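Peer 1: One structure, as C-alpha cells, below. Some questions next.
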Amino acid sequence: MALKLNIIGAYFLSLLLALASARKPLVFDVTTYGAQLNMDITQALSNAWKDACASPIRGKVLIPRGTYKLSRATLEGPCKVPIKVQLQGTLRAPTDPSGFNEGDGWVTFRNVDGLTLAGGGTFDGQGSAVWGKNCEQQQYCGKLPINFRFDFVTNSLIRDIISLNSKQFHINVLGGQNVTFSRVKIIAPEDSPNTDGIHIGRSSGISITDTVIQTGDDCVSLGDGCKEISIRRVTCGPGHGISVGSLGKYSNEDPVEGVIVRNCTIRNTSNGVRVKTWPDSHDGLASNLHFEDIVMENVGNPVLIDQEYCPWNQCNAKVPSRIKISDVSFKNIRGTSTTALAVNLVCSSGFPCQNVEIADIDLQYSGNDGPIMSQCKNVKPTISGKQNPNPCAT
Ligand SMILES: *[C@@H]1O[C@H](CO)[C@@H](O)[C@H](O)[C@H]1NC(C)=O
Ligand SMILES: *[C@@H]1O[C@H](CO)[C@@H](O)[C@H](O)[C@H]1NC(C)=O
Ligand SMILES: *[C@@H]1O[C@H](CO)[C@@H](O)[C@H](O)[C@H]1NC(C)=O
C-alpha cells in the first residue's frame, strides 16, 4: 500500500515538475559549461546548445552580460522542442577570417524549428581589419564570413539583437519559413564593402519590422524564391537601399512573388526601392511587389526598376532581360532625391513590365542636374494622385 502511494506520489511530483518547467524554460547558461569572460566560448556554446536542443523540456541557452570571444558557431537542429538563445553580452568574432569558405556563416542556425534569438546583445563581426581583402573579383570578397546564416529555420523570431561590423553580409536567410526579425539593429560603416543587411533567398513568410539597418551595401535584398515577404517600419541608411534582385543571373531561379515594403524611412542611400534584373538573362518571374508609405531623405534613384542591371560590364546589356515583372506598385513615396532622375522605370524590351501603378509620388531635387525627372521604358504605368516628378516624362 505504502509502495503504491509512493508511486502515485512520485507520479504527481513529476507531473508538477513538468508543469512548472513548461512555464519556465530550463536555462543552459554557457558559464556553467566553462565559458569565461574575454575567453573563446566556442566549445561551451556548442555544448550548451546540444543539451538544450536535446532537452524534451523547453530550454534557453543563456550568454550573460560581458564580452566573450567566439571563433564560430554552427547550431543545428532539429531540436526536441522550441529553443531560445538569449545573448545579453557581446560576442566577438576573430579578426582573422582564415578557415572560412565561400558562403560560410560566423554564427549559423540550421534546421531549427521554433527558434527565438533575443536578449539585447551584440554579435560583433570585427570586419574592419579585412574589409576589401580576400577578394576574388573587384570588390566581392566571398570568402569572408557572413555574421549570421539562418538555413532552413522555420517558425522563428529574431528580436532585440545587434549585428555589428560583419565581415561580409550581416544576415543571410535561406530556405526559411515564417521567420520574423523585429527590433534588430544592423550596423557597419558606409564604406564597408558587401556588408548587406539582410539577404533573403528561397524563403516564404519572412517579416522584418521595427529594424534599423546602416551598412555599406543593400539594406535588405531579396533573391530568387522569395514569397510573402513583409518589410515594415524599417529605417535604412547609409547603404544601397532595399532591392528585389538581382534576378536572372542563374538558371532555375524560383519566382519572387509577394513583397510588401511599407512605412519605411530610407536615408542617405545610393538607391531607394529598386527591382534589378540582369540583361541577357535566364527566364524568371517577379510579381506582386508593393512599395508604400515610404519617406526618402537624401536618396539617389528613389524609385527604380532596372532590367539592364549589369555591374562591372559582366553581361551583354543589349540582349533584353527575360525576367517578367508584373503587378508592381509604388504609392505614397515622398522626400528628397539626390539624383535628378528620381523615378526611373527601365523594363525589358523583350518582356515589358505589366500592371505597374504609381500613385502619390512627391520627391524634391535640389542639385545642379536640371529639374527633377522620370523615365519609363517598356512600361505604361497607371498613374494617380500627386506626381512630382511628372510621370514618364521621357
Ligand atoms: C510562426 O512563428 C511564430 C513564432 O515566431 C509562431 O508563434 C507561429 O505560430 C507561427 N505561425 C504558424 C502559422 O505556424
Ligand atoms: C504608415 O505610414 C502612413 C503614411 O505615412 C501613416 O499614416 C501611418 O500612420 C504609418 N503607420 C505606422 C504604423 O507607422
Ligand atoms: C546624410 O548626408 C548628409 C549630407 O551628405 C549629411 O550631412 C548627414 O550627416 C548624413 N546623415 C546621416 C545620418 O548619415
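Heads up, the Cβ atoms here are built off N, Cα and C, so glycines get one too.
In case it helps, TrEMBL gives these features for our protein:
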- H240: active site (ACT_SITE)
- 1-22: signal peptide (SIGNAL)
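Help me understand the surroundings of these features in the structure.
Peer 2: Secondary structure at H240 (active site), as computed by DSSP, is coil. Close to H240 (active site) in the fold, though at least 6 residues off in sequence, lie D217, D218, C219, T269, S270, N271, each with a CB less than 8 Å from its CB.
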